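Okay, structure first, notes after.
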Amino acid sequence: MTNTRKSHPLIKIMNHSFIDLPTPSNISAWWNFGSLLGVCLGLQILTGLFLAMHYTADTTTAFSSVTHICRDVNYGWLIRYMHANGASMFFIFLYFHIGRGIYYGSYTFMDTWNIGVLLLFAVMATAFMGYVLPWGQMSFWGATVITNLLSAIPYIGPTLVEWIWGGFSVDKATLTRFFAFHFILPFIITAMVMIHLLFLHETGSNNPSGMNSDSDKIPFHPYYTIKDILGVLFMMITLMSLVMFTPDLLGDPDNYTPANPLNTPPHIKPEWYFLFAYAILRSIPNKLGGVLALVFSILILMLFPILHSSKQRSMSFRPLSQCLMWVLVANLLILTWIGGQPVEHPFITIGQLASVTYFFTILILMPSTALMENKLLKW
């Protein structure tokens, strides 16, 4: 008789995905982030569900309901800060995961890569709407600034903004619909993750060498289940250290002031994980130009498979491309720093230079360097 895990219609799917899955024997810790993102998503849905039980999506009571969660609900503070800092962990892992994909050429799995970019957009939208829910100063003004960007769209812009607001400003209707979207999107993300994995399992995983590994595969369980559990352990240690010792380290103090439409904070800025994109948005003095640059700064990821000009898939054996990869990482760190600074000299100039360098590195330097390395192979 066949083993149940190989014959049962449902368990069979799990078996082919997490147990008997043939996996390259040489994948490094950079391949841990996929499973960590899955754990993060589960954690966010779970903590979010418990927060939603006590939260009220109304402008008059939203702020005090969050305060109530922290003060009066059993372990409410823990759930709230795990959710807030869990989002930060989610984005750290997302950026590492994407960075890994760029470094090792995983973007050549076009279907997996493109659904991944769509996932990034969905997670960013979810995080933005979640940041609005506590209805603090930065929640309100962040929502006002970011939704206002849509007014730059020619002809339909102003109407579109008022349609999203559900009125003539960010108000009760906006908060209610943002809560509805923030609740439903993680489930849509979960469905997209399943499609992401479906496409990945069609081709199998990439590996650090970038070469075909069909001749050297090992079962996912127990080798990589153990490795993933170790990753989760490190993640939980980091997350719980953040939550227990410095829960507000990554937040904005302005969000502890209830939303006031009559008082604008001196520096409106998003959470740290959006700062690089915010810096690119601000570096262009034209509204529509800034919005296009903002969207394209993420959408550019979809061009990686097209821009790939090297004969080798991975950067493991391409030292010049490796240097450029780290230039890109440094560039993004500079943009993140600039996004949190006020709009004044010298930050404006640094931001503009970093924004130009970001696009120039991806669109011109990386493909041309890869072509040069192809020539060096013959030399």
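First residue shown is number 1, and so on along the chain.
Glycine too: its Cβ is placed from the backbone N, Cα and C atoms.
As the structure is a computational prediction, the values presented were derived from the model and not from experiment.
What Swiss-Prot annotates here:
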- His83, His182: heme b b562 binding site (BINDING)
- His97, His196: heme b b566 binding site (BINDING)
- His201: ubiquinone binding site (BINDING)
- 33-53: transmembrane segment (TRANSMEM)
- 77-98: transmembrane segment (TRANSMEM)
- 113-133: transmembrane segment (TRANSMEM)
- 178-198: transmembrane segment (TRANSMEM)
- 226-246: transmembrane segment (TRANSMEM)
- 288-308: transmembrane segment (TRANSMEM)
- 320-340: transmembrane segment (TRANSMEM)
- 347-367: transmembrane segment (TRANSMEM)
Sparsest Cβ surroundings (other CB atoms within 10 Å) among the binding-site residues His83, His97, His182, His196, His201: His201
Proximity verdict for the transmembrane segment (113-133) and the transmembrane segment (288-308), three or more C-beta pairs under 8 Å: yes
Best-contacting stretch, by C-beta pairs under 8 Å, relative to the transmembrane segment (77-98) and drawn from 178-198, 226-246, 288-308, 320-340: 226-246
Chain residues outside the transmembrane segment (320-340) and at least six past its termini with a C-beta under 8 angstroms from it: 99, 102-103, 269-270, 272, 274-280, 282, 310, 347, 350-351, 354-355, 357-358, 361-362, 365-366, 369-370, 372-373
Distance, His196 (heme b b566 binding site) to His182 (heme b b562 binding site) (CA atoms, angstrom): 21
Rounded distance in angstrom between the Cα atoms of His83 (heme b b562 binding site) and His97 (heme b b566 binding site): 20
Rounded Cα separation (Å) that holds between His201 (ubiquinone binding site) and His97 (heme b b566 binding site): 17
